[in-house]
Amino acid sequence: MQKRLTLLGSTGSIGDSTLDVVARHPERFSVYALTAHRNGDKLVEQCLRFAPEVAVVGDANTAAHVEAKLRAAGSKTIVLYGPQALVDVSKSDGCDTVVAAIVGAAGLAPSLAAARAGKRILLANKESLVMSGAIFMDAVRDHGAILLPVDSEHNAIFQCMPRDENEHGGISKIILTASGGPFRTREPATLADVTPDEACKHPNWVMGRKISVDSATMMNKGLEVIEAHWIFGLAGDRIDVLIHPQSVIHSLVSYRDGSVLAQLGNPDMRTPIAHALAFPERVDAGVDQLDLAQIVQLSFEKPDYTRFPCLALALKALEEGGIASAALNAANEIAVEAFLERRIGFMAIAATVDAVLNALPNRSPNGLDDVLAADAEARRLAAEIIAKAPAPRVERTV
């Protein structure tokens, strides 16, 4: 039976990779809805190729632009805009599968709506679990939704774990691998001089700018630890992080009998996306087969928390519980945005997040409204801290 997809965040890197896989298997997958924020021209191109029933954008001006271009091209795709439209296409009867690929907290509401509608959810928006893990997982369970992780690390763990949840007691721990990003060996004293372009040059993966910065600070790995805690139901002390610069082993599961299972593959997001789209079957993802004979080295090292303070902050937030993870994520989003706009330096990202976590009293949320209130308060505090921060160093020229 053909799966009907709503693709949240279709113009980003995950969206591109998803549509590449979809295009390879038109007999298996079709598109009900595509969504973007402001990249209207790219959304138009996607709509003309995949002919969704609905397209959603962030605002009325972008909607008018997209609709005009689609009508001129003879497309009948309905164009909607705004947060409620994202929720509507996520819970619509027109789709059975929702690919949640919106970056940041903006992806929470539509992802949660998909869970409450009992959809098959391919989760690439880790913020949904970082912000509201208990609420989200309760919705998945209570409404019979199916959650399939798309992040390469979590998808790798999913593939290495037993299908029967009753057998999870045999697991000792899970190990998330990390490339270490572009600054794994850079002198720590020079990190204050890092530019946005340098931070966005990931050594192995092709990603959007925000997640590239998160990878450079290793905040991304910290968020993934929190995500893994909720998806797999393991305490933080049973989730390890290991730097693996080659990005060939995507994660591992260690069992009590001494066995360690790992998932390997070329670093290409189409592999975990194809796995989740077709699960429990396997389909061609368009990715080259891994040639083990060509791999010169597989190396591993423990993370340096002095070099990567954001990772330490994320682990601390998981340990503290309450609203700490939501505040961590919100402060980080504001700080990364400021860094990309060159309003703060690279090391100020961690400093801003730390200051917000220290300033915001932790508490247990009673529901989604409490989570969203904590998110808003953390963003306000982060913006205030950044406004008072000294200007970053001027980029050196040769």
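Just so you know, glycine gets a Cβ as well, placed from its N, Cα and C.
Taken from Swiss-Prot, the feature NADPH binding site applies to T11, G12, S13, I14, R38, N39, N125, E127, G208, supported by sequence analysis. S13 (NADPH binding site) is surrounded by 19 other CB atoms, counting those within 10 A of its CB over all protein chains shown.
Here E224 (1-deoxy-D-xylulose 5-phosphate binding site) comes close to K126, D151, E153, H154, L176: these same-chain residues lie at least six apart in sequence, with C-beta atoms under 8 angstroms from its C-beta. Taken residue by residue with DSSP, E224 (1-deoxy-D-xylulose 5-phosphate binding site) is part of a helix. Annotation source Swiss-Prot lists 1-deoxy-D-xylulose 5-phosphate binding site at K126, S152, E153, S179, H202, S215, N220, K221, E224.
Here Swiss-Prot flags D151, E153, E224 as Mn(2+) binding site.
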Residue pair G208 (NADPH binding site), H202 (1-deoxy-D-xylulose 5-phosphate binding site) - Cα distance, angstrom, rounded: 10
Secondary structure of E153 (1-deoxy-D-xylulose 5-phosphate binding site) (DSSP, helix/strand/coil): helix
Those residues of the chain, 6+ apart, with a Cβ under 8 Å from that of N220 (1-deoxy-D-xylulose 5-phosphate binding site): I211, D214
Cβ-Cβ neighbours of T11 (NADPH binding site) (radius 10 Å): 24
